[in-house]
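Q: Okay, here's the structure, questions in a sec.
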Amino acid sequence: MLGFLKNPIVVTAEINMNLLALTAMGLISRLRGLSYPRAVVFDEVYYGQFVSLYMKRIFFVDDSGPPFGHMLLALGGYLGGFDGNFLWNRIGAEYSMNVPVWSLRLLPALAGALCVPLAYQILVEMHFSHCAALGAALLILLENSLITQSRFMLLESILIFFILLAVLSYLKFYNSQSYSSFSGSWWFWLLLTGVACSCAVGVKYMGLFTYMLLLVITGLHFWHMIGDQTLSNVSLMCHFLARGLALIIIPVTMYLSFFYVHLALLYRSGPHDQIMTSAFQASLEGGLARITQGQPLEVAYGSQITLRNVLGKPMQCWLHSHKNTYPIRYENGRGSSHQQQVTCYPFKDVNNWWIVKDPGMQQLVVSNPPRPVRHGHIVQLVHGITTRYLNTHDVAAPLSPHSQEVSCYIDYNISMPAQNLWRVEIVNRESDTDVWKTILSEVRFVHVNTSAVLKLSGASLPEWGYRQLEVVGEKLSKGYHQSMVWNVEEHRYGKSQEQKEREVELHSPTQMDISKNLSFMAKFAELQWKILTLKNEDTEHKYSSSALDWITMDTNIAYWLHPTSGAQIHLIGNVLTWASANVATLVYMCLSLWYLVRRRRRIYDIPEDAWQLWVSAGGICVGGWAVNYLPFFLMEKTLFLYHYLPALTFQILLIPIVLQHLSNHLCRSLLPKSMFSALIVAWFSSVYLVYCTFSPVTYGEPSLSVAELKDLRWKDSWNILIRKR
């Protein structure tokens, strides 16, 4: 019974020493001296603010992309015990002792280090030699720009890691299906491909380019499977569904989960939530939620309300009036109605309050029981403080002469009767009998007499209008533009019929818990739309560049300068590697065109298996470079050199592929092969020397003299910082 104990238990393991050594070298190159400099480096000033907000659970919106990358940076801060208390106000500011610098920079550095063994494995899975794979990994290891970018609290190294992981996972999945379809490892690599793709997109939208490339490659491979007569229809359908599950459904689900966690973590109100709708703001702890809690949900005749314009541009504002009137004549000589001004005011104010009145009754209080206002009902809007009625008429608006002036009516006893009836149209209604709801309903006000729609023009009035925003009656209204849509933000049921008592009521705070009415999908849709459409003012940055500058590295970025010595850190790549990558891409394209023309003439210069390998390698490497580079020519945003790094990574992978192809198929005899190998050794030694030369500005140490810094300026367009004595 215990016979199995007579022999020892033996475990045999295969260890790839190349992979082990590359991983160790990658970790050393990225992790050594990670806390240096203990100061804010370039975009750490940007991402650090978001990390602090995560630590304090304060909501924010970043228009640069989804939240997963920010959450990973915040995870580093959480693991280091960061409390979020640091003022990220300038590059070069010294970190206080409560900031765990090493922990904050750890995850980007680990991601950058793991890119080295990933590069090795990718070439092995593409069926190139271990020598070529080792060369690709060493080129990634010695690429100065990748080292610099991975050693700080930045996102590019994390993005590149997930991109390479997605490519490697797909290659392993594709290679395993020839002998073990639907096995455990087959499912693992297929699912990991989808997970890595969703993580790449979740870090930055640039990850979408590689994701789409892999979807195209998957589609092409499946198209070839359809022609395989050995596979049954059921088997093909299973393959199709498996790919759909792993590469579409799981990435979409994970992408939604990033936002779910993001919104769950950031539940407190902050400065960024002002750009969100009232319903979104009310779902956050503090801020608007404190004001709106306990409000009645349904707007009724007699309700006292504030109306916020849904557009939120050029800034959030509320429908407003005050005792001042429009000038009798404007500066251009046009006349006005001289009625009471109506504007959109970007601050909360007692003059933002309006009373919803039934035109057929005189009372300005809510009856018992309340009579709710529904879609299509006619109302009058009475300004709470001045008790004048919202009005519009066929008089040109002050700054928008093609639109009608909106005012509060003053009876001057002249031939200008009141036109103060408005029809309530609920834009987001589910039926034509919907009740007008606080915060949730988005409404248009259509003037009964002229059919003009109450609209925010966005223009800023002159001094006589206190620089407040112009409100007009838009005559020709097509569709539901957000500038024409309003929602009730603050709401109470009016109880005081007397004006003095009503003014006291208007000055008192309101108290409806609206958060339960806003689902996660509603919050996700709004936040996603804001991320995609919110644009910061594009200002020319000192280190911004065009996409054309990246190929030849005619630009650099100064990341940090020591306050007293000449020590500094720059985003500068290994010049020889960048040039070699460009040459490799050009050689690949020219050779591919040559082979295609020759194959068209039925001349086959290389074996079919070598041709298939050449094409597949180009699809991944050249395709990866193209999809991560060419879209920047279409983008209207401030661009920096680091945007090129994902494309550069694919280009670097192409270098040893081209070199191995030239060695195997163009150097056919021993002497040319030996000479070619000697040239590769010399070239690679030069790459290492360039890496060493720029190492001081990659790591920020040792400090260089003025003469040494000037010697590093290999291009006139580079901005190497020389401290004035």
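One is the number of the first residue shown, and numbering goes on along the chain from there.
Each Cβ is built from the backbone N, Cα and C atoms, and glycine gets one as well.
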Q: If I go by TrEMBL, the feature transmembrane segment sits on one of 5-25, 68-88. Which?
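A: Based on what TrEMBL states, transmembrane segment spans 68-88.
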Q: Using a threshold of three or more Cβ pairs below 8 Å, and leaving out pairs closer than 6 in sequence, do the transmembrane segment (186-203) and the transmembrane segment (68-88) count as in contact?
A: yes
Q: For the transmembrane segment (100-120), name the stretch out of 126-142, 154-174, 208-226, 611-634 with the most CB-CB pairs under 8 Å.
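A: Stretch with the highest Cβ contact count: 154-174.
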Q: Does the chain bring the transmembrane segment (154-174) near the transmembrane segment (674-694), so that three or more CB pairs sit under 8 Å (pairs 6 or more apart in sequence)?
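A: In this chain the transmembrane segment (154-174) does not contact the transmembrane segment (674-694) - fewer than 3 Cβ pairs sit under 8 Å.
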Q: Cβ pairs under 8 Å only, please: of the recorded stretches 126-142, 208-226, 641-662, which one is richest in them relative to the transmembrane segment (674-694)?
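A: The stretch with the most contacts is 126-142.
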Q: DSSP helix, strand and coil counts for the domain 'MIR' (296-359)?
A: 3 helix, 30 strand, 31 coil
Q: Which sequence-distant residues neighbour the transmembrane segment (186-203)? Criterion: at least 6 residues beyond either end, Cβ under 8 Å.
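A: Distant Cβ neighbours of the transmembrane segment (186-203) are 65-69, 72, 155, 158-159, 162-163, 165-166, 169-170, 172-173, 176-177, 180, 210-211, 214, 242-243, 246-248, 250-252, 254-255, 258.
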Q: Could you name the stretch, out of 126-142, 208-226, 246-267, 611-634, 641-662, with the greatest number of CB pairs under 8 A to the transmembrane segment (575-596)?
A: 641-662
Q: Would you kindly list the residues that approach the transmembrane segment (246-267) from elsewhere in its chain, counting only those six or more residues past its ends and only Cβ-Cβ distances under 8 Å?
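A: Distant contacts of the transmembrane segment (246-267): 53-54, 57-60, 66-68, 70-71, 190-191, 193-195, 197-199, 201-202, 211, 214-215, 218, 284-285, 520, 523-524, 527-528.
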Q: Taking the domain 'MIR' (296-359) alone, what is its mean pLDDT?
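A: Summing pLDDT over the domain 'MIR' (296-359) and dividing by its length gives 89.
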